[in-house]
């Protein structure tokens, strides 16, 4: 699942 908001931004999402 993609998570592209600051609460869960990581090196593998955005």
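Backbone N, Cα and C define each Cβ position, glycine as well.
Feature annotation from Swiss-Prot assigns disulfide bond to 3-8 (among others); the stated evidence is similarity to another entry. Residue density at residue 8 (disulfide bond): 11 other Cβ atoms are found within 10 A of its Cβ, drawing on all protein chains shown.
Look at Swiss-Prot and you will find 4-14 (among others) tagged as disulfide bond, backed by similarity to another entry.
Under the heading cysteine amide, Swiss-Prot lists 14, citing experimental evidence as support.
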Report, as a single number, how many Cβ atoms besides its own are within 10 Å of the Cβ of residue 3 (disulfide bond).
12
Ten-angstrom check, please: count other Cβ atoms within 10 Å of the Cβ of residue 4 (disulfide bond), all chains counted.
9
